[in-house]
Each structure stands twice: as structure tokens, then as C-alpha cells.
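Encoded as C-alpha cells, here's the structure I'll be asking about.
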Amino acid sequence: MAPPTELPARPERGGAPGSRAMGRLVALGLLGIALALLGERLLALRNRLKASGEVESVDLPNCHLIKGIEAGSEDIDILPNGLAFFSVGLKFPGLHSFAPDKPGGILMMDLKEEKPRARELRISRGFDLASFNPHGISTFIDNDDTVYLFVVNHPEFKNTVEIFKFEEAENSLLHLKTIKHELLPSVNDITAVGPAHFYATNDHYFSDPFLKYLETYLNLRWANVVYYSPNEVKAVAEGFDSANGINISPDNKYIYVADILAHEIHVLEKHPNMNLTQLKVFELDTLVDNLSIDPSSGDIWVGCHPNGQKLFVYDPKNPPSSEVLRIQNILSEKPTVTTVYANNGSVLQGSSVASVYDGKLLIGTLYHRALYCEL
């Protein structure tokens, strides 16, 4: 009888011990690289937010809080006749609010009055007031003296631009048009250049909240500026970290854009075809929000956030601070920057805009109060 055939040994699952060890080393290396990348991005985000930023107080002697503004006045625009418009009550997922259940609105203040006070403007029937969530605003005066108010709106956290006609005799706004467009996925601010024409900033490329967060975390720099008209819509400037405030020079030759997380103001030249080319980037040591232009001097007034982390992670015991900068001669080689006002949050939290008119200064905030000062 022949001896039984010896069966070959079955190889161990997972391969030889050496190959298993190598696979684990590769996986461990990849995990280490991923964690290092995440840590680097987190550190970079803290730097972009200026998470350790503090401010030294700069007081103005003749200021008082504006009655009737308790939950933010994110943007302010002032007409040549001294009528100031306030965008109030902005809400975003994860953003603090002192009036989470109250719809937003538009307030007006006549700065020519001896004691100006804020009044809410009535809005025409048919407009959805319950979901009104106003953000950036801009005015345009047509050749026939018609005043148009453009409002960035986030109804149910979507993105639209609303165009109103201001009816001064009735202290009201007549809603004319709602604009939605695929090139306006995350609109922040707006500057009107015609009765239905404007430049707008997108602070993110995406509209989905999670993708927005990922875009910010990874610093993809996909934010942009879009030109809109009834006949043409196009991106005219790109590569921003988070494009925020936007405005136009008094001579209509230049567009100014605040890149809030890059701490920069971009100066762009406007061309007859409405395209923009970048002339310079002016760096600052704070998070720059909305930009207002003094029509008489061309100076840029900026509402700033010295510490962005305090702004977005709200702690009433350690509230966000406020800062107002005045920039003179921005087109020169050495613009002059003056800190006009600064507060640690004890009076004003999260300043987002500063606008001037005839020796008067209005300071608005993302979700807190508003300040009226006589300079």
C-alpha cells in the first residue's frame, strides 16, 4: 500500500507576517498624514479667525445705543439726504441670535433730525415677511430720483436678492422683484450700480451648510464676486477666502471687496463691460466685514471683528469685541489707517458695519445692538 499523500500546508490568512506588518505601517502612516493635515488646517483656521485677538478700547465721547435695535443691524446704507437704512435681525444656522423667533426687517433713521430715531419701514403686501432674513443692503438713485433698495435675503436660509422701491412719503418699501440665480449660491453683500444691476459677493462656493464648513476649513478660496444684470450674469473676480463686504468708489471707477478671513481689502478696477481687474490687495490685522464709503472724501469705513472665534462661538461672559477702522487714500502706496472706535464687547458686540454722514457715525453689529455717535 502506498503511503498517504501529505496535504500541503494552508497559507495563513492575510499573507505572510511581513506583508501584514507592512500594510499596518502604511495604514498608520496614512492616518498620521491625515491627522497632521487636519491639525494644520485647524491651526490655520484659528489664525484666520484670529482666535487669540484682543482689542484695546478706543472710546468716542458722544455715543449712545440706538433704541429699537436689539438683535443686530448687519448692514447700513445712507442716502445723500441723510436717510439711513438698517438691515436688522439676520439669522444663520449656528449663529447666535438675541431674537431667534422674530423675523428680520428694514429700519430707517433720518440723520438730519435733531434727535434721530429708528423706525421700521412697512413693506408692501404680497412679500413674505415671516421668512424675511436680510443681510447686506445697497441703495441706488435713478435719473428720475427714484430710490431703489437692494437687500440680500436668506428666506429659510436660501439665497435671494430683493429689489424694493423706497416710497418716502409713506415711509414704506414697495417690493418689485426677487432674484435667484445659480451664480448666487451664498450671497453676502451687494452694491447696486443700476435699477436692476449690481455686484454681489458670494462668501462661499457652496450653499449647503456642511459643504460651506468644509470649504472654510480646507481654505479652498472658491468665494467670488458676481455681476448681475437682466441681460447678463457673470463671475468677475475669484479666489477669495470668504468675500464679504463690497462697495464702489464715489467716482464709480473702483470696486472694493473685503475678504474677511484673509484680513484683506481688494481694490478692483471696473471696466465698461463691468468686468473687474485687481489693482491691489490691502492687508489688515483684523477680520474686515462691511465697507462703507464717505462720498465726500472717498474714505473707507470698515466694521471689523478683532476675534472671529468669539463671534461665532458666543459666550456672554466673554463676548465678541468691536472695531471700526477708517482708511484714507487706499489707492496710494501708503494708505492711512485709523482706529476710530474699539470696544471689548461691554458696550457693542460684533461690529459689522460703520457708516458716516455729516459728522455722524452709525455702527451696526452682526447680532447685537447699534451705536449712534457724533464725531
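Glycine residues also receive a Cβ, built from the backbone N, Cα and C atoms like all the rest.
Annotations in TrEMBL come from automatic prediction, not curation.
Keep in mind the model is a prediction, meaning the values are calculated, not measured.
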What residue among Cys304, Cys373 is stated in TrEMBL to be the disulfide partner of Cys63?
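Here TrEMBL pairs Cys63 with Cys373 via a disulfide bond.
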Across all chains shown, how many C-beta atoms besides its own are within 10 angstroms of the C-beta of Asp189 (Ca(2+) binding site)?
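Cβ-Cβ neighbours of Asp189 (Ca(2+) binding site) within 10 Å number 29.
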Have a look at the recorded positions (Asn188, Asn244, Asn290, Asn344) and report the one with the fewest Cβ neighbours inside 10 Å.
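Comparing Cβ neighbour counts within 10 Å for the recorded positions Asn188, Asn244, Asn290, Asn344 gives Asn344.
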Beyond the listed site residues Glu74, Asp75, Ile137, Asn188, Asp189, Asn244, Asp289, Asn290, identify every same-chain residue whose Cβ lies within 8 Å of the center of their Cβ atoms for the Ca(2+) site.
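These residues sit around the Ca(2+) site: Ser87, His135, Gly136, Val152, Gly245, Ser352, Val353.
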Rounded to an integer, what is the Cα-Cα distance in Å between Asn244 (Ca(2+) binding site) and His135 (active site, proton acceptor)?
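For Asn244 (Ca(2+) binding site) versus His135 (active site, proton acceptor), the Cα atoms are 11 Å apart.
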